[in-house]
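Right, one structure below, let's go through it.
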Amino acid sequence: MGHSDSSKTFRILMAGNPNCGKSTLFNQLTGLRQKTGNYHGVTVEKAEGIFHHLDHSVKILDLPGAFSLGGSSEDKQITSRVLIGHEAGDRILFVMDASLAERSLQFLLQILELNVPVLVAVTMKDVLEKKRVQLRLDLLSNEFGILFQYVNPKNGEGIKELKDRIVSPKAFCLPIRSFPWDSERENFLNDLLNSLSTEHSNSLKFVLTNSLKELSGEILQKGLPGLSLFSETPSKLIREKFERFGKRFTYLEELTQKSIYIKKILSTAIVGDPIPNERVLSKADKILLHPFWGLVSFLGIMALVFQALFTWSEMPMDWIESCVRNVGTFVGDFLEEGPLRSLIQEGIIGGVGAVLVFIPQISLLFLFIGILEETGYIARASFVMDRFMGKFGLSGKSFIPLLSSAACAVPAIMGTRTIENKSDRLTTILVSPLITCSARYPVYVLVIGAIFPSKNILGIFNVQALTMFGLFLLGMIASMFAALVFKKTFFKSDSSYFLMELPAYNTPSIKSLALTVFKKLKAFLSTAGQIILFISILLWFLANYPRIDSSLYPNLTDAELKKIQIRESYAGHSGKFMEPVLKPIGFDWKMGIGIITSFAAREIMVSTLSIIYGVGGEESTDDLKEALLKDTDENGKPVWGLSNSVSLLLFFAFACQCMSTLAVVKKETNSIFWPLFLFTYMTILAYSTSFIVFQVWQLFS
C-alpha cells in the first residue's frame with residue numbers, strides 16, 4: 001500500500017453515493033464545528049467542518065452525493081470538479097453503503113483512478129446483518145490496496161476508531177490497482193501512460209481514458225476532462241497510437257467490464273446465508289409504494305404531523321409565553337412610564353416575543369421532516385408522487401424540493417439544482433413558494449387559534465390542526481396547477497424521467513436529527529430574527545408618533561387612548577390610505593399594516609398585530625388572540641370574523657411575502673425577471689383568491 005504523508009493539518013474530501021450516510025458521518029465527525037456557504041461561481045451549498053484529534057487538525061469538505069464523476073446538474077459537476085482538481089495533500093474519505101456495495105464500488109473505481117490517497121468508511125452494516133450476510137472488508141482491502149472500515153454514523157459506533165485511523169499516517173493509501181480493462185486495452189493504456197508520465201500526473205489515467213472514449217466517438221459527461229486537456233504534442237501522440245491500436249473505448253464496454261470485475265470481487269467478499277428478497281423487503285412498502293394507498297398514506301402521515309404540531313407544542317409554547325411575559329414585567333418594574341419603556345416592552349419584547357412563542361412548532365416541523373428523510377420515507381413518497389406529478393408536467397425529482405418548502409422555500413429552491421431538466425427546474429423554483437412554509441405558521445396558528453374552535457373530530461384530529469393541514473394541501477394543489485400552467489405555456493419541453501433506487505429503511509440518528517433541527521432553527525432565527533427586530537422597532541415608532549395630546553380626551557381609559565394614538569399615528573394614516581384597496585378582500589387598516597410589513601418576512605405579521613393592538617411584553621399570545629376577537633369597527637361589528645379570517649389565511653397561503661425567497665430566486669436563475677414574475681403572479685393570485693372567497697361569502701351570508 002502507498003501511504004500518504006504524516007502532516008498534522010490536512011483536508012479530507014468526503015465523497016459517496018446519495019443516501020449512503022455521508023452527511024450523517026460528517027455531522028458525527030465535526031459536530032457543531034462546521035459552516036456552510038456556496039462554491040465559487042455557482043449556487044451549490046458548500047459544507048465544511050473541522051475536527052481536532054490527537055494533535056491533528058483535520059478540515060473536511062462534504063461533497064454533494066453522486067453516483068459517478070460527471071453529470072449535468074450543478075451539484076454533480078461540483079463533486080467532479082473538486083475531486084478531479086484536488087489540491088496537493090488532499091485525501092479522500094469515500095463513504096460506501098455496504099447494502100448497495102456494487103453501486104458504491106462503481107463510483108469508487110473511478111475515484112481510484114485519480115491517484116489520491118483514499119480511506120473507505122463502510123456504512124449500513126446493520127442492514128447487511130438483517131439480511132444475514134457479511135461483507136469481508138479484508139478481501140476488499142487486499143484487492144484494492146486501500147483500507148476499509150465499518151462505521152455506524154447513526155449511533156456513533158466506530159466513530160472514535162475512524163478518527164484514530166484518519167490521523168494515522170498509514171490510513172489513507174494510494175491504490176495498488178484501479179479498474180482493469182481487458183488485457184489488450186490495459187496493456188495499451190499502460191504503454192500510453194508511460195509515454196505521458198509528465199502530463200497531468202495527478203489523474204493521468206482518468207483523463208487518458210476519457211480522451212480515448214472521445215476518440216471512440218463517445219460524448220463525455222459534462223464536467224469531465226478529456227483530450228482538450230493535453231497540449232498539442234501529447235494529443236497528437238494519443239491520436240496516432242489510438243488509430244494504430246484499432247479498438248474502441250466505450251461507456252458500454254467499460255460498464256460491462258466493471259460489472260464483471262465487481263461481481264467477481266463481491267462473489268467472494270459477501271458471505272453468509274441471505275434471506276430471500278421477499279422477506280427482506282419491508283411489508284410496509286406494499287402499502288407505501290402502492291399507486292393509491294401510497295398517496296393516502298402520505299396524506300395521512302402529513303395530517304398526523306400537523307396534529308402533532310398543535311398538540312405537542314402547547315406546553316413549550318406556554319412556557320415561552322410565560323418567559324416573555326416575565327421579562328416584560330421585569331423590565332417594566334425598572335423603567336419609568338414613558339417612550340423608552342413602551343419601546344422595550346411593546347416594540348422589542350412584544351414584537352420579537354410574539355414570534356419566539358412559535359419556535360416549538362417550527363422546531364417540531366424541522367424534526368418531523370428530518371425523521372421522514374432519515375427513515376427513507378421521503379424517497380418512497382417521491383416514487384409514489386412521480387405518477388401523480390407527471391399529470392402536471394413534473395417528475396418525482398421535483399417532489400423533494402417541494403416538500404422541503406414545508407420547512408423553508410429558500411433551501412428548497414437551492415435544492416432544485418439536482419434537477420437536470422432546465423424547464424422542470426425553473427418550474428419547480430416558481431411553484432415552491434406556494435407550499436406552506438414555517439414562516440407562515442405563526443400567522444396560521446394565531447388566526448386559526450383565535451377563530452376556529454378547538455374540538456376533536458373522530459376523537460383523533462383537532463379542528464385547528466385539520467385547518468392547518470388543509471392549508472398545506474391547498475399549497476400543494478396550487479403548486480401542481482401552477483406547474484401545469486407554466487409547462488403548457490412558458491416551459492414547453494420533453495417530459496423528463498425519474499430514475500431512483502429506494503434506500504433501505506433506517507433508524508434515525510438522534511444526534512444527526514438534533515444537529516439538523518439546531519442548524520435550521522439557528523438559520524431561521526438569525527435571518528428572520530434580525531428582520532423582525534428591525535421592523536418591530538420601526539413599527540413601534542410609526543405606531544406611537546406623532547403623539548396625541550391626551551388632555552383632549554379627559555374621560556377615556558388608557559386602552560381607549562392607545563387605540564386613538566395608533567389610529568392617528570403614521571402607521572394608522574398609512575393603513576387608512578391602503579384601506580380602499582384592502583376592503584374588498586375583507587381587511588381593515590390594521591390588517592393592511594400587517595400585510596405590508598409581512599412582505600419583508602411573513603412572521604412579522606404577528607409582531608405587527610402585537611404592536612398595533614398594544615399587546616406588549618407583559619401579555620401573552622392568548623391576550624393577542626383575545627384582542628383580535630374584541631376588536632370592533634365604527635359600527636360595533638367584530639373586525640375579525642370567519643369570512644375575513646379565511647380571506648387572510650388564503651392571502652398568506654398564496655402571496656410571496658419573503659425577501660429571502662426573492663433573493664435566492666434571483667441568485668438561482670441569474671435573472672431579475674423571474675423574482676419579479678414570481679412576486680407578481682403570486683400577489684395577483686393571493687388578492688384574486690381572497691377577493692372571490694370574501695365577496696362570495698358576503699353574498700351568501
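Note: Cβ is positioned from N, Cα and C throughout, glycine not excepted.
The domain 'FeoB-type G' annotation in Swiss-Prot covers 9-172 and rests on sequence analysis.
A simple way to gauge crowding: the CB of Asn19 (GTP binding site) has 22 other CB atoms within 10 angstroms, across all the protein chains here. The GTP binding site annotation in Swiss-Prot covers 16-23, 41-46, 62-65.
Annotation source Swiss-Prot lists transmembrane segment at 292-312 (among others), citing sequence analysis.
What Swiss-Prot records for 352-372 (among others) is transmembrane segment. Long-range contacts of the transmembrane segment (352-372) within its own chain (CB-CB distance under 8 A, at least 6 residues past either end) are made by residues 301, 305, 308-310, 312-313, 316-317, 320-321, 324, 327-328, 378, 381, 403-404, 406-407, 438, 441-442, 445, 508, 512-513, 516-517, 520-521, 524-525, 528-529, 532-533, 536, 603-604, 606-607, 609-610, 615, 617, 620-621, 624.
Residues or ranges marked as transmembrane segment in Swiss-Prot (evidence: sequence analysis): 394-414 (among others).
The transmembrane segment annotation in Swiss-Prot covers 429-451 (among others).
Marked as transmembrane segment by Swiss-Prot: 466-486 (among others).
Outside the transmembrane segment (523-543), and at least 6 residues removed from its termini, the chain residues within Cβ reach (under 8 Å) are 342-343, 346-348, 350-352, 355, 359, 362, 408, 438-439, 565-566, 569-572, 574, 593, 597, 600-601, 603-604, 607-608, 611-612, 659-660. Annotated transmembrane segment per Swiss-Prot: 523-543 (among others), in sequence order, evidence recorded as sequence analysis.
Cβ atoms under 8 Å from those of the transmembrane segment (645-665) belong to residues 409-410, 413-414, 429-430, 433-434, 436-437, 439-440, 443-444, 447-448, 450-451, 471, 474-475, 478, 527, 531, 585-587, 591, 595, 598-602, 605, 674-675, 678-679, 682-683, 685-687, 689-690, 693-694, 697 of the same chain, restricted to positions at least 6 beyond its ends. Sequence annotations record features per position, and here Swiss-Prot assigns transmembrane segment to 645-665 (among others).
The feature transmembrane segment is assigned by Swiss-Prot to 672-692 (among others), with sequence analysis given as support.
Neighbour density around each Cβ, counted as other Cβ atoms within 10 Å, peaks among the binding-site residues Gly16, Leu63 at Gly16. Taking every recorded stretch in 394-414, 429-451, 466-486, 672-692 and counting its Cβ pairs under 8 Å to the transmembrane segment (292-312), the highest total belongs to 466-486. The secondary structure of Lys22 (GTP binding site), as reduced to three states from DSSP, is helical. Across the domain 'FeoB-type G' (9-172), mean pLDDT in this model comes to 84.
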